[in-house]
Amino acid sequence: MIILGIDPGLTVTGWGVVAKSGSRLSHVANGQIRTDNKATMAERLVELDSALAAVIDIYKPDTGAVEEVFVNVNPQSTLKLGQARGVAMVAVARSGIPVAEYPTKVIKKALVGTGGAEKQQIQHMLKILLPGVQLAGEDASDALAVAITHANMLGSHR
């Protein structure tokens, strides 16, 4: 089974793809999508949608998961993040792929054992779970964490 994880953001969206075979996970790919901050909001959302559609077309995931939005101190930032997250969910769902959602604390707890884990702890655990993985950046590592969480949740529901 091929699983796509997405860490949505308007400036940078991370994506990660893992393969699950039984209880074994392996890294397939990861990357980051940067939108042009000089473009209009609509243009940036289209750019994000197109890039995610390309990732889905290349890796053909069986299922996907998106990190839930956290409420930011700045309402504008929260709104922009929510719009990027909506585009990510639509990109996956439009492809006929089931899409799940996980809060940040659930993802951190699934990977590190505590919902208050730091980014460095997540990256360290990714290198243990996916030996040899080269991370494209923090957002890509967060997306791989989303994919691994989804893989584990799928396994626990069977």
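Note: Cβ is positioned from N, Cα and C throughout, glycine not excepted.
Copied over from Swiss-Prot, here are the features:
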type     : residues     : note
ACT_SITE : Asp7         : active site
ACT_SITE : Glu67        : active site
ACT_SITE : Asp139       : active site
BINDING  : Asp7, Asp139 : Mg(2+) 1 binding site
BINDING  : Glu67        : Mg(2+) 2 binding site
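Counting only the Cα atoms, the space from Asp139 (active site) to Asp7 (active site) is about 6 angstrom. Around the Cβ of Asp139 (active site), a 10 Å sphere holds 24 further Cβ atoms from the protein chains shown.
Here the C-alpha separation of Glu67 (active site) and Asp7 (active site) works out to 5 Å. In this structure, Glu67 (active site) is part of a beta strand by DSSP. Every protein chain shown contributes to the tally, and the Cβ of Asp7 (active site) ends up with 27 other Cβ atoms within 10 Å.
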